[in-house]
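Enquirer: This structure is in structure tokens; I'll ask about it shortly.
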Amino acid sequence: MQGQTTTVSFDGREIRLTTGRYAPQAGGSVLIECGDTAVLVTATQSPGREGADFLPLICDYEERLYAAGRIPGSFMRREGRPPERATLISRLIDRPLRPLFPSWMRDDIQVVATCLSLDERVPSDVLAVTASSMATLLAEIPFYGPMAAVRVGLLGDDFVLNPSFREIERGDLDLVVAGTPDGVVMIEAGANQLSEQDVIEAVDFGYEAVTELIKAQQSILKESGIDHKKPDEQEIDETLPNYLDKNGRKPIGELLKKFELTKKERDLKLEEIKTNLGEKIDSLKEDNAVKKAISSNPKLLTTSFKSLTKKLMREQIIKDGKRVDGRALDEVRKIEAAAGILPKRVHGSGLFQRGLTQVLSTATLGTPSDAQEMDDLNPSSDKTYIHHYNFPPYSVGETRPMRTPGRREVGHGALAERALIPVLPPKESFPYVLRVVSEVLSSNGSTSMGSVCGSTIALLDAGVPLKAPVSGAAMGLIKEGKEIRILTDIQGIEDFLGDMDFKVAGTEKGITALQMDMKVTGLEVKTIADAINQAKPARTHILEKMNETIDKPRETLSPHAPRLLSFRIDPELIGTVIGPGGRTIKGITERTNTKIDIEDGGIVTIASHDGVAAEEAQKIIEGLTRKVHEGEIFTGSITRIIPIGAFVEILPGKEGMIHISQLSEARVEKVEDVVKVGDEVTVRVREIDNRGRINLTLRGVSQNNNDMNYPQPTPTPVAPLN
């Protein structure tokens, strides 16, 4: 089991890549290690399915809880469905890999990354991305690599390479950059309202580090005796493409200049042109080369027609600076927005439409117990802001089975979630758990950025005090040789024909999220900088349109939203509030009809649809946790009587005992001779014994309510109590 280990010194750390030792039957395998984090990545190729017209690439990231020394909490004590984090890392591996395979590749390719050990100082995702390239190269699959990825953080004014989990949480930037020798091929980022210039500098900083990991992979290939060359482009029979260009260029070109057509009208006209060309080919002689090509592969006409349409659209953008809907390259489609369109049973709602893309977002306010428990390897706490994205088939005029959310839906939801997190109010002042759901009602490009805009509207409509509203735009790019055109607010057909999909979200102050995917093997940082800068006026324009609809949070919450009171108690007294077996807190919730959550730090949150009930529960808890001192005077009710004395509730939930000898200056034979259950009495704290029991006395205390010392704490509501 001997293998080859290569060590790369990287920003003060060592990255170890071991090849030739693990998974010997896989096409290629590498164990990548840094600190105590270890990820095994394999790449395997097998013959593709006959007639496939796409690249069947599968990337899977697998988490094993033993990697963090944990046993799964499921009934079977075995890992089940991949958690969201694993799905997102699978996408993170797929996105920079996919554009690096040749366009003719149709073989099945599977990349599997398994996290075997996790060090909290070294996140596993970027290691898995880099190792996926190395495994693919070792498998000798046709591939335009090497490719590598790094993470860039920002602590204060300093960029940090591959920060720890804790540094990511503390910092203002979480940026993943993947690149090849040709340039940057993928970006994924969350930022705390950073300027465009800061983000551009971070991308440049990250790409410099990427080049070092690329050199390490090239060195390993050389030591392994693998002579890696860029894949050769397969020769394509140009008979049919040439025929379509000759007979279809004019009608397609004329159609693409009819800017007044709707998407549906244009699609129907294109289908009509394709049908006419097909009929023309059918009329050719049987021995005609074009007809033979179609007969051997019926899908060839559709594929070649799409390629010609794509080619002509790109030419029109490069030469004329005009898009299929007549917009200028930097022009945003028509914006419409509405807030509060659903009944207030829904706590907040927003409708956002840009061109034919329409998204309905809803916001729901929940209690701390509604937080999402994260059963994965991420050491971060439970999620208190959740965004779910749904993409039904009717949104693109199609029919298909409705199943559980796929990777794309999970990824788009995570991007919209990331865009809003920097502007959410702090938990101390607004302790609600928030869930936003974005329903894509119609899709024609950039539904994820539509979800960002719709989410902002819905949250403001729900009364959530956002630090600033967030908008987003998707940027595209056409690259023909040295000619480059950047497109603002791309629609679906431009996503199909273009070379880049670059989503930028942020506030008026700065960027909160980025996501860039490529169809080419890399872009210079300068081109990426141009796209980021061109996105700013688009974001600002969209934000202005949104602000015309709603520019600040509603002053009152929905009457159907829970009301919360939040206050802090001594953490050492949490057990007192909970009581043996939870009896005390259960009694409070039943008595007041409230829901109570207590965090380890002593923060108590009370949820109720009745503000008065919440205040009553707060009084009881503060009474239980309030320290009582000798000599204090309280007025309370007799709760029970025993032969040697009577118990008085001096504070909500807190009792003291009056010994029979302390009921009167005179001798008392029976407790009932002086007091009975329900009597209101004024007592003084005589002593607190070493077991914390409160001993009271009536002796020398005037039975006058003016003498009472009963604190009335002022509630600290974090949301209006209506």
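Each Cβ is built from the backbone N, Cα and C atoms, and glycine gets one as well.
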Enquirer: Per Swiss-Prot, which of 261-282, 547-568, 701-722 is region 'Disordered'?
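Expert: Based on what Swiss-Prot states, region 'Disordered' spans 701-722.
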Enquirer: What's the number of neighbouring CB atoms sitting within 10 A of the CB on D501 (Mg(2+) binding site)?
Expert: 20
Enquirer: According to DSSP, which kind of secondary structure is D495 (Mg(2+) binding site) found in, if we only use helix, strand and coil?
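Expert: Reduced to three states, the DSSP call for D495 (Mg(2+) binding site) is helix.
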Enquirer: Averaged over the domain 'S1 motif' (631-699), what pLDDT does the predicted model reach?
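Expert: Looking only at the domain 'S1 motif' (631-699), pLDDT averages out to 92.
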